[in-house]
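A short worksheet on the structure shown next.
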Amino acid sequence: MSVPTSIKWEDNQLIILDQQKLPHEMVYLTLNSIEEVFDAIVKLKVRGAPAIGITAAYGLALGASRHETEKLDDFLELLQEDFRYLGSSRPTAVNLFWALERLMSVAHSSTSVNGAKTLLLEEAIKIHVEDEATCKKIGEFGLSLLENRRRVMTICNAGSIATAKYGTALAPFHLGAEKGKEFDVFACETRPVYQGARLTVWELQQSGVPVTLITDSMAAHTIHSKGIEAIIVGADRIAANGDTANKIGTLGLAILAKSYNIPFYVAAPFSTFDLSIDSGAQIPIEERNSSEITHLGEIAIAPENTKVYNPAFDVTPAEYITAIITEKGIIKPDYKENIAKIQ
Ligand SMILES: CSC[C@H]1O[C@H](OP(=O)(O)O)[C@H](O)[C@@H]1O
């Protein structure tokens, strides 16, 4: 059994596991240009907030390596355009912008184009390496919260393949498997792109973690009939007051958790916090193609020209969140106060 990963920087090449091919095929893609990175993010070949940030960082470094100007000012202008381009791929996960901004500040500290190119790649590698350690810490803090709970529900895939390794919401399960702590994980399939059915089930099976797949509509009944003891989810952007954007369907689970009086945990690194916004009302919610809902692959499951609303995320108000598990520790309400304290 092993914890799967989805991003590699090897022999000066960016290689990703094409998450659109899982669970039936493990297809590795080499992304040779910023355009290929952009395409991979938009098409969810790489997805998951931290993984998007890591891949975009490598994408910016790749794009920079192609710029031929030797004038630093011109180079930085081209880099700013590349930042805007990659930043337009997906709007909700703040990790994308956090990673790109980290590289931009490194580039602006350079005194030469070649120096900047070297520093950009080094910073992308740092972000990648740091994220694995970050997720392991989240897993350890998460395990401490779940030590007396076995039946846990989750949604989407906030797992190892959505990060550098281990994941956020799934990190306690992967670490638990290594430490002999047993869980029974109930994974919501996560319409319309099925990250739960296709990715979380596959990922937990790689680690030998018992996992049961349910449809999203079964969540309430499952919490009641199976005695779910906790819900743990990832995040794409957390506002200064703790309001959290995550995969569509997360808000419903948070409301159910409150109704059934079970803890609702958000697991996320500090790179997912956006302290520039006061509340979740300011989080941009990505709306994706209607075909994700009206079609199963090539097969139409709705009448032609059906009107569709396809938000990829929703926002859970902080008052529904029992605790936010980060690499720096477990944050409990009052979130505005305690996020400011711990950062
Ligand atoms: C640790 S992944 C965080 C987050 O990202 C996922 O969204 P997507 O699959 O659209 O990239 C999902 O919301 C996860 O919880």
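We count from 1, first residue shown onward.
Placed from the backbone N, Cα and C atoms, the Cβ positions cover glycine too.
TrEMBL does not curate its annotations; it predicts them automatically.
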Of Arg84, Arg90, Arg288, the one that TrEMBL places in the same substrate site as Arg47, Gly48, Ala49, Gln195, Asn246, Lys247 is Arg90
Excluding Arg47, Gly48, Ala49, Arg90, Gln195, Asn246, Lys247 themselves, the substrate site's Cβ centre has within 8 Å the residues Ile52, Ala93, Cys156, Asn157, Ala158, Ala162, Gly234, Asp236, Ala312, Phe313
Candidates Arg47, Gly48, Ala49, Arg90, Gln195 (binding-site residues) with CB under 6 Å from ligand 1, in sequence order, are Arg47, Gly48, Ala49, Gln195
For Gly48 (substrate binding site) and Asp236 (active site, proton donor), the CA-to-CA distance in whole Å is 8
All chains considered, the count of other Cβ atoms within 10 Å of the Cβ of Cys156 (site 'Transition state stabilizer') is 29
Judged by other C-beta atoms within 10 Å of its C-beta, the most isolated of the binding-site residues Arg47, Arg90 is Arg90
Candidates Ala49, Asp236, Asn246, Lys247 (recorded positions); nearest Cα to Cys156 (site 'Transition state stabilizer') turns out to be Lys247
Row Asn246 (substrate binding site), column other C-beta within 10 angstroms, all chains, value 29
